[in-house]
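Here is what Swiss-Prot records for this protein:
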ACT_SITE  His718  active site, for 2'-5'-phosphodiesterase activity
ACT_SITE  Thr720  active site, for 2'-5'-phosphodiesterase activity
ACT_SITE  His797  active site, for 2'-5'-phosphodiesterase activity
ACT_SITE  Thr799  active site, for 2'-5'-phosphodiesterase activity
REGION    171-245  region 'N7-methyltransferase activity'
REGION    246-428  region '2'-O-methyltransferase activity'
REGION    429-555  region 'N7-methyltransferase activity'
REGION    556-692  region 'GTase/RTPase activity'
REGION    693-835  region '2'-5'-phosphodiesterase activity'
Amino acid sequence: MKVLALRHSVAQIYADTQVYTHDDSKDDYENAFLISNLTTHNILYLNYSVKTLQILNKSGIAAIEIQKIDELFTLIRCNFTYDYIDDVVYLHDYSYYANNEIRTDQYWVTKTNIEDYLLPGWKLTYVGYNGSDTRGHYNFSFRCQNAATDDDVIIEYIYSNELDFQNFILKKIKERMTTSLPIARLSNRVFRDKLFKTLSVNHDKVVNVGPRNESMFTFLDHPSIKQFSNGPYLVKDTIKLKQERWLGKRLSQFDIGQYKNMLNVLTTLYQYYDMYHEKPIIYMIGSAPSYWIYDVKQYSDLKFETWDPLDTPYSNLHHKELFYINDVQKLKDNSILYIDIRTDRGNMDWKEWRKVVEGQTADNLHIAYKYLSTGKAKICCVKMTAMDVELPISAKLLHHPTTEIRSEFYLMMDIWDSKNIKRFIPKGVLYSYINNTITENVFIQQPFKLKTLKNEYVIALYALSNDLNNREDVVKLINNQKRALITVRINNTFKDEPKVGFKNIYDWTFLPTDFEMNGSIITSYDGCLGIFGLSISLASKPTGNNHLFILSGTDKYFKLDQFANHMSISRRSHQIRFSESATSYSGYIFRDLSNNNFNLIGTNVENSVSGHVYNALIYYRYNYSFDLKRWIYLHSTGKASIEGGKYYEHAPIELIYACRSAREFAKLQDDLTVLRYSNEIENYINKVYSITYADDPNYFIGIKFKNIPYKYNVKVPHLTFGVLNISEQMLPDAIAILKKFKNELFGMDITTSYTYMLSDEVYVANISGVLSTYFKIYNAFYKEQITFGQSRMFIPHVTLSFSNEKTVRIDTTKLYIDSIYLRKIKGDTVFDMTE
């Protein structure tokens, strides 16, 4: 949802839009909670409170002040990510398709012939890093830019088996126009930039597990971040290959040679970061014009020095000349060298051309070895061709996508590799490598071992759920890693499947109850965004590919109502209750009935079950930004930091009742996952709360009334307001609590409206209006370690007779309290108070 704050209402009516006017009788947190549970996508928030907007944004719900009608029109028609700290809106708006336009934020693409393969009459537009060049389109009171591009489609095409780009992009645009926006993926780039900048400032050592090509620009300015990936393809790994011949296959209709060069250099750069944790000088021989350098410089201040007879316009220092072996001495330490020398074929026949290519490859290797033979902190990536050759066994092979698969690949070596044992590699083996291998990642660092790191902050986004990892080791890492942000795939199956398929692999599934740690926040993508200064206009949908975000060691942990809070917890319930359910009271009725409370009069205002916990359990797939376990734990320890005003603390027994209702719901729905989740949350409640039951009571609290509107034959009809099991030494503490609640007890609005048989020969009158106070007193007794209340649900009633009688219904009648007392069962009254 998105909340657009206005000082005045607007005349125009928008689809899927609701107006909410700030309620001055409620505090900012309660207003935020009410807004978050509205069911429309667009909320026009009138007479707004800035504090309420802050609360929503911290909860991951985009809430923005609107000053102009143009701002309203722009934001209401598309989705966006909002940086609420810096007041920047990143639109995810593809309406530019209506201008016959596709967009990119990678400059090198604009220098290709891609426009020859677009839809007829269409063009390509460069929009800058995260759409920064579009800022001029929006003269708004906040900074606004459209981060939507088609780079995801272009890159997917490059790695696909499709050759016809026009058909490919047509299909993808049609898909985009007919499916839900994958907003988490679109906003992820904004999030990653913010995340790693924040963590790099706050932590000395940061470890990142499983980066992919989407992050290849993100880490350019973070050389100290340690990367773990799937490891490199080494020369010695070719021993498994059978020999093949030249294949010759076109991968792309438009020229992607620049993309290949960029990937080669970035792969080498990240290998240098991994070894030396600082930025090198980047030397490049050949590969002009290298327009992609412009892209790299949008993210970092890396320095390039280049040699090529052709221009390289974005190099810091370009030598418009050939590079010779003697020029190697000009290259400094703390550098990487990219060698991409290859003469144009011209009119040479293939045999003559082959000799030239192999000769140049030998020359390239000679330059590489000479560069690595002296000095320190150097890595080289050199262009190779399939030929009979000796290569160091520990050198890395690279074969990033290029326009055509022919004979070309690349070799990456550091100083140690260049001096390592060499092995003869036949030409046919190298063809086998070229024909069958595409390097899919610029990050080729070693795999991560699932062990805790003492001094590091560990980030593992979408990296650990793969069933190649041992599930128990993943859980152990999350439980024990003190500082981390780790995601795992949430179990939103209905049959409690332990693993689910994803693309061509399987992922383990997890629930919050699979982990045992305090001090960590378990939330959704949206909830995590709020913690890092971002919010989003479209909540994650339960697609089957959703992830828990687990933050350990965060200073936000105790701020219970600010981050990963209960906002939107009833939204799914409202959507169903007010559209397709039998009654809008269905949730209240079901919760009472499933706990054997059959007095449904006033069930919507006096419910005996925690609606928060019930909704968090049965609709966890729709809103798991609310960290239920943390909420339970912090209340059980009394350590919750509450910023808001009015805040109702549930009695632990209300939470137990909610689990029982959720369990009943799960059985009716045949939802095995909710069934397990409910059981495990109930077990967790019993673990963190020391709940004792007065199932063998020796005292009770009685309430005597001045008026009873029914016939009765008991001596003194009274409401048993709970039973206790206490020693005589605890009587003063129990009496003190009753005295403390005197005004609230006598202020209860108690009513009755019918009689019924509670059991055989127990004839009673119903009582309404006491549950809220009962649970407050329950909490007070619990905190003083006084055993109060039974294991079965408290059903307030007044016993009228110990015989079978017919039900009587009367108009709702108010009952007036005469006295409240504490009495020993089958004994004397030890305390009595009147108003």
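Placement of Cβ uses the backbone N, Cα and C atoms for every residue, glycine included.
The model shown is predicted, which means the values in this text are computed figures rather than measured ones.
Under 8 Å, Cβ to Cβ, and six or more positions away along its own chain, His797 (active site, for 2'-5'-phosphodiesterase activity) finds Leu719, Leu758, Val764, Ala765, Asn766, Ile767. You'll find the Cα of Thr799 (active site, for 2'-5'-phosphodiesterase activity) roughly 7 Å from the Cα of His718 (active site, for 2'-5'-phosphodiesterase activity). Take the CB of Thr720 (active site, for 2'-5'-phosphodiesterase activity) and look out to 10 A: across all protein chains shown you find 18 other CB atoms. There are 16 other CB atoms within 10 A of the CB of Thr799 (active site, for 2'-5'-phosphodiesterase activity), with all protein chains counted.
For His718 (active site, for 2'-5'-phosphodiesterase activity), other Cβ atoms within 10 Å of its Cβ number 21. Each residue of the region '2'-5'-phosphodiesterase activity' (693-835) gets a DSSP state, and the totals for helix, strand and coil are 31 helix, 56 strand, 56 coil. Secondary structure by DSSP for the region 'GTase/RTPase activity' (556-692): 68 helix, 2 strand, 67 coil.
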